[in-house]
Amino acid sequence: MNQPNPMILNKDCFWQLVGISTGLKILLIPANHSTDFEVHRNWLAITHNLPLNRWYLDETSEWTLDYPPFFAYFEWLLSQVAKYIDPRMLLVENLNYESKATLYFQRLSVTAMDLVYVLGVRSCMSALGVVRGSQQFFAGNLLLLLNVGLIFIDHIHFQYNGFMFGLLLLSISALLRQRYLWSAFTFAVLLNFKHIFLYLAPPFGVYLLRFYCLEQASAKGGSFWRCLLKLLAVGLSPFVVSFGPFWQQLPQLMSRLFPFKRGLTHAYWAPNIWALYNTADKMAAKLLQTGPSAGPTTTSGLVQQIEHEVLPTITPSMTFGLTIALMLPILLKLFKSSKKQSPLMFLRAVVLCACSSFMFGWHVHEKAILMVLIPLCLLTLVNREDARHAYVLSTAAYFSLFPLLHDVDLYVPRYSLYLSYMAMLYGQLYRMFAAFKGFHWLEWTYMLGFVAIPLYEHVLSPLLGLDRRLPFMPLLLTSTYAALGVVYFFGRYYMYAMGLNWWPQLATSKATATYSSSAKRKRKTK
């Protein structure tokens, strides 16, 4: 059986799980953080002290403001509270300032803004038709509210991703409820907080064009052009409010948002196709004995443009072309899908478009994998095969975030949280799907292979002195081995979503299952 187990727990544990997740986040306040903590402190100072027309020009710190204006306005609002907590954190020239008050203020501001994420989770559970008190409802809240990726990145590493994913979930839930204009508006607001979500715009655009402008207009006897104009007006209005005050600085603002001079890969390679490409280039250079490169290399840890030593150098236009080309098949399938199948196909298109951009995009950050993982949590609840693919990706993707938590003091938290989450996810798969058959032995072999990386990093490397001779090796192993899993997921899941089961031994169900069964169960229990 492919549908979720309808077992009812007779208890809505939503707010208990919210309390547990909040408590965990508070316990992590003293944890070591990344340079992103100083990035956001600097943005507080910039927006509080400088006039609007200087926000995207200031270069006092190397951590210049490079998020869209709505996020800058958000930092300004935070600064109005911060001035009562510790005014010294708001001095632009006070670089790398960190007091206990600053630490608690910034950490707690992230936790407080997670309320938007909580609302997004609740809204999506309802929009999917998940029965309150069911095993499916419990599992969904567990996987989303205690998502280990968000805990790693927001509450240890330090960022504000939670409330932005909350906006994404609110937009998805509005679309599933057929509140198309609200969905478009919320997604447009999200884009003005963080522009990386542009990669998710194609599935939203295709769905709204197909089921709002074309189908709904036809069904209600309306005009396609009228619907399109309403959609454009609603979708573009947040951009006018956001970018309007900066119209004289638009060239400078856009150069901050799209810094193509930063190079193909980040200092730590995200686990995508370019990690494998860089590895192949290094191996080819070693085999061909080309000698050391004169400029910066892919393993120099620098964020700038590099030249590959043997393989052709990749340009931004190449990555853009590949990304768009790989989005087209799933977008076409979404456009042709029936009304009944469209919600699931939309969610799969969101996952695959996010994964296409992660796999082939320019200067992809490892944190961008959350754009794949968070929507995939929703699909985990409604279909067994989606859930199986999600587990394989989760094993690789959450492990790939470990280099962000590189301090020795974070080893125990990162491993314990990761293992707990993966065990929890594994247990929920068997509870949700009575006929869940586990994984192919090749998938098990790959997932268990991750044990070798910590053994090398923490045992073999120090014992053999390799940590001094090959300091980049743990990062190389993590990104390349995790990249193999991401590439595998991308290929397998894409073919599954397209209905192409090319590996019969692993194909246990078709991609045509619908989420309507959970909605039907919900109606029956009323």
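Heads up, the Cβ atoms here are built off N, Cα and C, so glycines get one too.
Annotation source TrEMBL lists transmembrane segment at 137-153 (among others). When Cβ-Cβ distances below 8 Å are used as the criterion, the transmembrane segment (137-153) is approached by residues 9, 12-14, 17-18, 20-21, 24-25, 28, 117-118, 121, 124-125, 128, 130-131, 159, 161-162, 165, 367, 369-370, 373-374, 377-378, 380-381, 397-398, 401, 404-405, 414, 417-418, 420-421, 424-425, 428, 431-432 of the same chain, each at least six residues removed from its ends.
If you look up TrEMBL, you'll see 196-215 (among others) marked as transmembrane segment.
Counting same-chain residues at least six beyond the ends of the transmembrane segment (227-247), those with a Cβ under 8 angstroms from any Cβ of the stretch are 52-53, 55-56, 68-70, 73, 180-181, 184-185, 187-189, 191-192, 208-209, 212-213, 216-217, 253. Under the heading transmembrane segment, TrEMBL lists 227-247 (among others).
Within its own chain, the transmembrane segment (310-332) has Cβ neighbours under 8 Å at 199, 202-203, 206, 260, 264, 274, 277, 280-281, 284-285, 288, 290, 348-349, 352-353, 356-357, 359-362, 494, 497-498, counting only residues six or more beyond its boundaries. Per TrEMBL, the feature transmembrane segment maps to 310-332 (among others).
When Cβ-Cβ distances below 8 Å are used as the criterion, the transmembrane segment (344-362) is approached by residues 172, 175-176, 199-200, 202-204, 206-207, 260, 264, 270, 272-274, 316, 319-320, 322-323, 326-327, 330-331, 333-334, 337, 368-369, 371-372, 375-376, 378-379, 382-383, 386, 486-487, 489-490, 493-494, 497, 511, 513-515 of the same chain, each at least six residues removed from its ends. What TrEMBL lists as transmembrane segment is 344-362 (among others).
Taken from TrEMBL, the feature transmembrane segment applies to 390-406 (among others).
Counting same-chain residues at least six beyond the ends of the transmembrane segment (441-460), those with a Cβ under 8 angstroms from any Cβ of the stretch are 392, 395-396, 399, 411, 415, 466, 473-474, 477-478, 481, 484-485, 488, 506. Among the features that TrEMBL reports, transmembrane segment is placed at 441-460 (among others).
Listed by sequence, the residues of this chain that lie at least six past the ends of the transmembrane segment (472-491) yet keep a Cβ under 8 A from its Cβ atoms are 268-273, 275-276, 279, 299, 301, 352, 355-356, 358-359, 366, 369, 389, 392-393, 395-397, 399-400, 402-403, 446-447, 449-450, 453, 456-457, 461, 466. The transmembrane segment feature in TrEMBL is assigned to 472-491 (among others).
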